[in-house]
């Protein structure tokens, strides 16, 4: 039964986003976005037998494994109970110039099935040998342990292999002791070092990033998510430093090594039972701020001392408590730990990592300085904190059994991170911003024939590179989108109830995604909600096949149909689906302003007579973009809908369907004619993403000039609006989204030549150059102002910005400058900048990939960046930090402008030259090839049409 319905601007915006969505997002790939203890009072000893076994001992793993150690998955014969680990990181180099750590570990495990073989993960560790073996084994409770027969390191599968002379007995418990040395490298994985300068003094800290498969680089362990155990950690560290880990520490004690070194030994209480990838430990001399004494949960924010002294951790401390409280209510389960440490690291490969009790962050994701940081920086901090805290229950307390269900862990945290941020910052409308930040972009990736399903079979995800390949926008953003859709059609309350039952049933255990579906189904049944099929049957079509449908509604007949949406309709989908690429689609819809009952499209085609309209009526579907699908209509409904949009000044865009040849580019472009009367952020931001694609395709052609003139006419009123609203750019808009839209006005204004824009940004930058200690440029506008001024300037402006970047003590400010430096139009400066990317003293390893992609975003820099990464630099990038995950992002970024036959052939040659060394980046290369072909086809079809429309 229809209800009275008021169409808000946000609803109208989202509906049009769905209906005619964005081409620009074909290059909006995100990754993530993605990381993680010995009461023994002794100091880690040096080799007692005089021999050390390095990681080079190996055999060759055949293509068809025959032996257990040639398989990448652990057998089910052993189950860990607890670890006692002592580690001593050296924060100064040894005589060979290497930073190392030494340690020893005892793992207590149960023999589940009789076996004469121990397989335990180890990577890049050098072991002390005991009578010719890598370890010592003993039985617990007085029983005798089998003698060791042979041991070696199986490098391809990253195992320490121990063969026994007789089998261990099922049900018996044993201890395995190892002693080892590893390199405290700067590779951002496992136990690694980070470097920074404070007051001109170079400082070293030791930290960790274990996810997904790098705990084995810190100590031998059963390094799989289902191998949960309790960890007892001890860290030995210099005076003047502090040691942190997942649990609260005991009172540190002073110790003296056999060499006479005076050190501190800090031991930590036992962790909760948890997976190895959630383990974390840090040795540093950071400062901290904390929650009030007596608080139920101790919250501490750790960072460089200067950052803490400047108050950069205050916002994170302010928001962590409320977000934790929100999730306690949402999950209906108390926070499982006594403390929540959060630490900002100068060098960190991911955005943040949900280590249980010690969350690690990039500085930009935890620190906020209101005098320097923008509102976007602030939103990022709130959202990332919310994402990581969501994991404390969903992911940490209850953990998926294997990495093939990573989407459930990360997709869920991505979705509810917006709920947590919305709770603590209710004026930001975060429930709307998820559409722009996550859903539109990932639809463009999932519309490629080279996409992949959310969930894979365990057998298809075995090697570390297979696991790494899953950390992509499909896992994070599509995962969030389909869970948001599920929450919508069963209601948020029922969704929350089902989650609570799931977490209660499986706490401290491991699950598969079907366990969540069963608990959600129980919640649905308890609430009396009627669904056309079970939760599992409905959702299987969304997670077990790639892609999503475009739903076409013919309002003259009421006919509804669905089809697999592909950005390039000529793409060949060679991956079969048991569901034949059909979905059970929940359709929410409005008819001439009245909300209608949800309709389920359960077949390829159906008819709903209620979806016919009269001469003055209109219909829109997928309200608030809650469903993960696009919508197309007959031409009459499009015309009527666009007329309504015009009257209400609620309009948006477009172009995914235009690229897929579902609607014409003329129709897509026609929606932009309303932009000169639009002042709201959502329409402009979506239009910006679409227009960005046009810029990418045409900024090297004769179409670019007329197109820029067309956009100039649309953005000029917006530029003038914000000039007036901010009293000639002297005030900050009050609304969160207005602050964002002010950036759109300035960015588009300067890039399209709006009168007075470049003069404004150049003058602001010049004023800063004249007085470097007093930067009066609004933090919200700095990225745009810096970029515009550097683009208009030369080497003087570039060198000034480089100097300010090198001296920046606030990470968010450094990040803005890092981007802006790529805006120069001087090729030699861009080439010099590219060379800096491989010098860690110039640009941190964590930032190298982003910087190269920034340069590639500049039409002058794009061919320079492409030449830079091929062909001889491939191996270099893999060894430089981030590995194949980082190189995959690089391929996506550098090739996003590719649209010619010549560039397509270059990509094919690149693939041929590097096919055996791409690892998980191979999928990114396939996506790049598919996108390039789609760009070529779209240009051939639309170049003249866009030129004509730009001149109208």
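From the backbone N, Cα and C atoms, a Cβ is placed for every residue, glycine too.
Sequence annotations record features per position, and here TrEMBL assigns compositional bias 'Low complexity' to 43-64.
What TrEMBL records for 80-278 is domain 'Aminopeptidase N-like N-terminal'.
According to TrEMBL, the feature domain 'Peptidase M1 membrane alanine aminopeptidase' maps to 315-542.
If you look up TrEMBL, you'll see 387, 391, 410 marked as Zn(2+) binding site. For residue 410 (Zn(2+) binding site), the Cβ neighbour count at a 10 Å cut-off comes to 26, with all displayed protein chains included.
The active site, proton acceptor annotation in TrEMBL covers 388. Taking a C-beta cut-off of under 8 Å and a sequence gap of six or more, residue 388 (active site, proton acceptor) has these contacts in its own chain: 342, 352, 353, 354, 359, 361, 413.
Per TrEMBL, the feature domain 'ERAP1-like C-terminal' maps to 618-933.
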List the residues in the vicinity of the Zn(2+) site, defined as same-chain residues other than 387, 391, 410 with C-beta within 8 angstroms of the site's C-beta centre.
354, 388, 390, 394, 395, 409, 412, 413, 414, 417
If I restrict to non-local contacts, at least six residues apart, and a C-beta distance under 8 angstroms, what lies near residue 391 (Zn(2+) binding site) in its own chain?
354, 409, 413
Express the predicted model's confidence over the domain 'ERAP1-like C-terminal' (618-933) as a mean pLDDT, rounded to an integer.
87
What is the Cβ neighbour count of residue 387 (Zn(2+) binding site) at a 10 Å cut-off, with all protein chains included?
29
